[in-house]
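Written below as structure tokens is the structure these notes are about.
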There are 2 protein chains.
Amino acid sequence: MKISIIKIGGNVIDFPEKLDEFLGQFAKFPGHKILVHGGGIMASRFGESLGVMPEMVDGRRITDKDTLDIVTMVYAGLINKNIIAKLQALHVNGIGMSGADGNIIRSKKRPVKGIDYGFVGDIQEVNTDLIKHLLSADLVPVLSAITHDKKGQLLNTNADSIASALATSLAKEHQVNLYFCFNKSGVLLDEKNENSIIPRINEDIYAELRKENVIHSGMIPKLDNAFEALQKGVHNVWIGKAENLMLSTKGKLSGTIIERHRYDLY
Amino acid sequence: MKISIIKIGGNVIDFPEKLDEFLGQFAKFPGHKILVHGGGIMASRFGESLGVMPEMVDGRRITDKDTLDIVTMVYAGLINKNIIAKLQALHVNGIGMSGADGNIIRSKKRPVKGIDYGFVGDIQEVNTDLIKHLLSADLVPVLSAITHDKKGQLLNTNADSIASALATSLAKEHQVNLYFCFNKSGVLLDEKNENSIIPRINEDIYAELRKENVIHSGMIPKLDNAFEALQKGVHNVWIGKAENLMLSTKGKLSGTIIERHRYDLY
């Protein structure tokens, strides 16, 4: 089975027109597919209207009990169900799930080491049998960034980590491509120029670009994650803008492809 | 296939201890089962904290855009996912769904006739194939009271109506029992005495009890719904308290059973 796993973030979800444009492309995306979404911006805004201010440490949300309730409502309720309704209108048989549903993703509350992140889960296990069962019935799973510990506790979990865990677990038996949509056209040579996309990056090129400080700060964990996914058997990792997703299936330049093999193997 | 459909309301969901007690019993409930839940009280309270006051006409909620967002968050997000996490801890492989997920329940926005109920859906079609597919995989669907119109719009839908529609659709091919949990021990001869349960009601007895005004107001639509379900092929309808659910499987007096056949047929 060939499976595409596509992750979108708040920069798409927060803008109804962008989301509609993306979902239109996602509907046409060929083959078995899984959508993973976060929605942090909307959750922060909604929490603020309830008097629950977002508390971030190093770009990561501290999840107390009230914040957990808010992200559960916004991710697994409002965002997930509206995406599903829109996909159904586009004749895509979406099924919205948290990691608790069908025990799809079991995680473990992050241990306190200096910082207490609260109800944040680190992924332990993916139920690939159920995912395969759903895909075989031509369902399209849409996963929100909520998991559980199998002991009754929901846990807030990074959507990039969910997409990666799904991809690497499914890659053991299937050909899996992983697509990270974000707010840039790809990995850029000049971060101020959206046309300076680096079309392909392998480990050698990555090492070089880091040495020259072309790739820094927020891009580093993204690329580290991508290379880790490749090492665990994922076929291809793509990074780019949600609105260019379909171009990527047509072999057109639309983002950055992270390659497993060294350049000299080609 | 024998299928039990159990509906719980706000009077269970709103009290963590009662909900835990109920879920413990639901976990032990034998055979294929589906849980349907509302959560109106929690949604009202949550809406109020956001400055969205509930507007009711004849006990039915008027669902404007803000209210729809709130019920989607509370029913399909907060309540549904917490129930699933708790069921998973009890080794029940729950899968939480709205009517939009897998196009399980398609509805139609209620036409405006005098009162505009807003984004409220009347059920049109149930996807019994998918339900059967999920039950066969030993999954336990947990449905929140949200449906969709297959045109991209979510719709607030009465949880009793969802339970009835599921039951009557599945009854065409399966033996279906329907359990309505509510805040009384059953249909009571004296509404102030919880021990005055009428154990069995058929149409003749119902007509008599209405004539004598023993059954009135809120019980009438409940019993009308129950008889309608029986006429459409549902095997048995039970009405009682959530905490007495398991007694009903042991043949003990625990609520009221609504019977299809006339008394004189026995």
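Placement of Cβ uses the backbone N, Cα and C atoms for every residue, glycine included.
Just so you know, TrEMBL annotations are computer predictions that nobody has curated.
Residues or ranges marked as domain 'Aspartate/glutamate/uridylate kinase' in TrEMBL: A:3-240.
Residues annotated as site 'Transition state stabilizer' in TrEMBL: A:LYS7 (among others). Over all protein chains present, the Cβ of A:LYS7 (site 'Transition state stabilizer') has 26 other Cβ atoms lying within 10 Å.
Under the three-state DSSP scheme, A:ASN156 (substrate binding site) falls in the strand class. The Cβ of A:ASN156 (substrate binding site) lies under 8 Å from the Cβ of A:ARG61, A:THR63, A:THR67, A:LEU68, A:VAL71, A:GLY118, A:PHE119, A:VAL120, A:GLY121, A:ALA145, A:ILE146, each of which sits 6+ residues away along the same chain. According to TrEMBL, the substrate binding site annotation covers A:GLY39, A:GLY40, A:ARG61, A:ASN156.
Residues annotated as site 'Transition state stabilizer' in TrEMBL: A:LYS222 (among others). For A:LYS222 (site 'Transition state stabilizer'), other Cβ atoms within 10 Å of its Cβ number 18.
In the three-state DSSP reading, A:LYS7 (site 'Transition state stabilizer') counts as strand. In three-state terms derived from DSSP, A:ARG61 (substrate binding site) belongs to an extended strand segment.
Site extent for substrate: among the recorded binding residues A:GLY39, A:GLY40, A:ARG61, A:ASN156, the largest C-alpha separation is 12 Å. Taking the Cβ of A:GLY40 (substrate binding site) as reference, residues of its chain lying under 8 Å away and at least six apart in sequence are, in sequence order, A:GLY9, A:GLY10, A:ARG61. Mapped onto three states, the DSSP output places A:GLY40 (substrate binding site) in helix.
Taking the mean position of the Cβ atoms of A:GLY39, A:GLY40, A:ARG61, A:ASN156 as the substrate site, the remaining residues of that chain whose Cβ falls within 8 Å of it are A:GLY38, A:ALA43, A:SER44, A:THR63, A:VAL71, A:TYR75, A:ALA145. Cα of A:LYS222 (site 'Transition state stabilizer') to Cα of A:LYS7 (site 'Transition state stabilizer'): a span of 12 Å.
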